[in-house]
Amino acid sequence: MALQTPSFLLPAAVVVLMVLSSPGTEGRDSPRDFVYQFKGLCYYTNGTQRIRDVIRYIYNQEEYLRYDSDVGEYRALTELGRPSAEYFNKQYLEQTRAELDTVCRHNYEGSEVRTSLRRLEQPNVAISLSRTEALNHHNLLVCSVTDFYPAQIKVRWFRNGQEETAGVVSTQLIRNGDWTFQILVMLEMTPQRGEVYICHVDHPSLESPVTVEWRAQSESAQSKMLSGIGGFVLGVIFLGLGLFIRHKRQKGPRGPPPAGLLQ
């Protein structure tokens, strides 16, 4: 499947040359070199769920004409672009609108498109508390969302099942060296005993949203929990050591020693 390009580049160049060679332009000062540029841009959101086609025409570093599929027609940006806009809207508008599928969608789904366009990396999500203080003190919960691709992502905070919008602060998207992204979304809060906070993440790579939970509890409760975990770990270690010693003893010699050793 070959990559497709817009089929009216030559007519566009002809229109520009006709305008530049018209009698009204002969007496004007003009540069010796003429640079004509065409840029066809396809923007994709969630794969091909939403596609936007933008076509830009540039003469000597000044954009004079643009087609945007969200607008649906050619628009002149300078006087130079007016004849082209009128001509293209009469002669090529339906063809241009169709190229949203025949060019943009076709090229996305074609075998030559690099896998980076379809790359999906699931985000890693973690919650941390900025300051380890007791309950009923102002604090900041930080939801770290890392290593995801593409860039489109939605991160929300919930407290006891209700979405929190006040006190939510987010960083800009941070680019990693491997083309993935990360972002920090913080929630200003004053934790009360028993409250449950959830960081809720939506991303194109996920079949369902990722949620990470943080529970507000007192320092004594945290200490008891850590003590319980520590006691459990020590118990497992001592149990394993006891079983190991017993196993070694069971493998030892059984019955009386050889007669020669008793003399």
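Quick reminder: no glycine exception, Cβ is built from N, Cα and C everywhere.
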Residues flagged as region 'Connecting peptide' in Swiss-Prot, choosing from 215-224, 245-254: 215-224
As recorded in Swiss-Prot, which of C42, C199 forms the disulphide with C104: C42
Within the region 'Beta-2' (121-214), residues counted as helix, strand or coil by DSSP: 0 helix, 53 strand, 41 coil
Rounded distance in angstrom between the Cα atoms of N46 (N-linked glycosylation site) and C104 (disulfide bond): 14
Model confidence over the domain 'Ig-like C1-type' (123-211) (mean pLDDT, whole number): 92
